[in-house]
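Visitor: Next up is a structure, given as structure tokens.
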């Protein structure tokens with residue numbers, strides 16, 4: 001495959017249940033997938049405005065011997081006080097938790113992974129009467145999964161020609177565009193984890209590790225529906241492309257072209 005034909009990218013993925021406590025049932029809970037090794041939580045209506053007078057609580061458990069890593073893709077709340085408007089992460093047994101981390105509006109913290117020392121956390125969201133902000137989008141995984149992504153991360157966010165990341169479970173339903181398919185590759189502005197689900201190299205309910213390799217791409221990506229996700233028809237003036245696939249034992253297995261088609265999912269990662 002010639003360097004001026006395609007831009008490749010390889011992507012893999014691997015996936016928990018919330019406790020909902022709201023002043024109105026499910027009032028503050030948005031999309032979530034809570035798995036044993038990874039997952040996604042969001043406020044209701046995200047990325048639209050969250051409702052007022054809402055309350056939701058999610059309980060995250062990972063296997064004993066592992067700890068939880070958190071990473072925010074987005075965080076936007078009305079700045080008020082930490083009594084009526086907040087997002088809190090709590091540690092400890094239910095009913096006797098201690099506040100581990102909290103956000104009560106203002107500037108979003110850095111989007112770096114937060115490595116906790118706990119295998120059990122409670123995430124609690126509450127809003128008051130005044131509606132303002134998108135709310136939040138949070139991903140998590142166990143500590144053994146390196147380079148955790150959020151559902152909003154795109155190929156264009158990473159300058160390296162080849163890199164390894166980890167996608168949480170649950171990104172397929174999160175807002176974000178995908179352009180391309182498994183046979184042609186994906187536009188570098190595609191959200192990585194959603195593209196990986198579209199390509200069929202990971203299952204959305206589990207998430208998993210991904211390798212992304214960038215190469216020269218095509219000038220047009222037709223719309224293709226695959227694995228419940230619709231990609232967009234995109235015409236490009238500066239082609240750039242990614243091919244989602246799974247890491248395999250032994251690297252690229254000797255493939256010289258169609259890298260994504262040569263790689264197979266690997267359950268040992």
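A Cβ is built for glycine as well, from the same backbone N, Cα and C atoms used for every other residue.
Remember, it's a predicted structure, so these values are computed and weren't measured experimentally.
Pasting the relevant annotations from TrEMBL:
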type	residues	note
SIGNAL	1-22	signal peptide
DISULFID	29-56	disulfide bond
DOMAIN	29-143	domain 'CUB'
DOMAIN	145-231	domain 'LCCL'
Visitor: Which residue, out of the disulfide-bonded residues 29, 56, shows the minimum number of other Cβ atoms inside 10 Å of its Cβ in this structure?
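Guide: If we count Cβ atoms within 10 Å for the disulfide-bonded residues 29, 56, the smallest count is at 29.
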Visitor: Between 0 and 100, where does the mean pLDDT of the domain 'LCCL' (145-231) sit?
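Guide: Overall, the domain 'LCCL' (145-231) comes to a mean pLDDT of 92.
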